[in-house]
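Scroll down for the structure; my scribbles are underneath it.
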């Protein structure tokens, strides 16, 4: 690892902006990072920070530190400040509202006898196609009632064999049944995967003709999409996924580059659990007009596409302003001075924007970006930079939850502590106005548990202790921080979350336990080698190997990944189970945050190394607009 030189913290008064724009002055910080002050028996200790990230030889006055050597922030602050917001003119909003009305009229035509969408031979597929299209184009929030009406109609004709293309279609149709299974299940309707049994031949196998037409390929593509919404024990869904994956990979070798091939490549790569809605919308806008296999009037496709582009760009202008606000917050709190840590606030905000595209959810997007960034800095303090003595002091300060606690902290910790204290309290107070109950104490308790898990891991690192797999996972589910990044932003969304519902989503619910376990395990499969190189031996992989002497590292990784796959199916069920009593829309927020982190760990540790995939995501969904 390369040496990282410490940069002095700003000695001026630190003007701190809270999440909602209020400001106040913090006490001046007069010491620099290499001259840290901390309380011990009334004496000030000033340890040096100049040491290797892999070895440390300290004398009486030096504290050994490990530094990870993370790369710097990739997004130039001046460039972010100069981003244009060219779609804020009222005329764009007026144009979008006009198109929304026209699309609503198209939905209304579905209830007209003998209308363009009501042929008894194709009406079911028409409805499913409309619902699927507005969802993938990112404009579904405007048509909630219309979507419910369309799906109620489809479900009224659903049978144990699935459906045909229309209510009088007769023969079960692969495309309509697969799309119906996926869409109805995602909207909370009770549909069995056994409908897919009726799409097999007499040998119990999925089959298709040797001639791979565009229509047939799209049929199998929807079968693949449906197979991903699997519950535990659904062998038919596993078989459908295996068959459709092989078929689509073979088709890619035969068809020319096109919108269809682009869509196949995208879905095979991202599936469902690493597929972020705005990211898919950006792809789907590019390929939407190329499907010529479905008998939808050209004018209808054009209206949907025009609305999707306008909505994407209007939201794009809002996203840029929010990102500029986040960048100012990052600078005002002095985060650029913390040179030993990762700075991924732009990436975190982008990920939030990819799952929450309602303009009203600004507090959620900014809150997620800020909390995730602060957690990342704390992670680097507890895992690498802080000494055990400093970490004990910081942990005690968080337990007291009192600004006066910072007097005994090293200077570099003071600013971080106050950033957390200010923003969490402010967000909790704003959430309390919405929820009508004490979210401040609720948030504080969740942070106490989170910090407690951090100090436990720090003790393991300091002592060289390698826990059992179960011991590690139980602590790791808390230390990952997904509960923190989910809970507080979710409480600002504007809909009530009474304790009765919250307890089904938050700790200690099974839903929360599954999301935390999935993310801890998935993250460890991508991080364990780099963590080990920094002296952080405990991981899901290494602890599993400890519990199973003789197993190879590769086999341990495969076992952990298999656990993730099984837990993911359990999470699907917890999200969509019809008997939970909690609306899917409430749980979907936490589920989508799980998808965010799943995406970040798809290729590597995307939160330590900002990969080309993450950079492309920021460019495609935040920096660039869609050509109209």
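Placed from the backbone N, Cα and C atoms, the Cβ positions cover glycine too.
Positions annotated as Mg(2+) 1 binding site by Swiss-Prot, on the basis of similarity to another entry: 379, 383. Sequence-distant contacts of residue 379 (Mg(2+) 1 binding site), defined by Cβ-Cβ distance under 8 angstroms and a gap of at least six in the same chain, are 454, 481. Mapped onto three states, the DSSP output places residue 379 (Mg(2+) 1 binding site) in helix.
If you look up Swiss-Prot, you'll see 379, 383 marked as Mg(2+) 2 binding site.
Residues or ranges marked as Mg(2+) 3 binding site by Swiss-Prot on the basis of similarity to another entry: 531. Residue 531 (Mg(2+) 3 binding site): 22 other CB atoms within 10 A of its CB, across all protein chains. Secondary structure from DSSP puts residue 531 (Mg(2+) 3 binding site) in a helix.
Per Swiss-Prot, the feature motif 'DDXXD motif' maps to 379-383; the stated evidence is a curator's inference.
Swiss-Prot lists 1-18 with the feature transit peptide, giving sequence analysis as the kind of evidence.
Around residue 383 (Mg(2+) 1 binding site), taking its Cβ as the centre, 20 other Cβ atoms fall within 10 Å, counting all chains. Between the alpha carbons (Cα) of residue 383 (Mg(2+) 1 binding site) and residue 531 (Mg(2+) 3 binding site) lies a span of roughly 9 Å.
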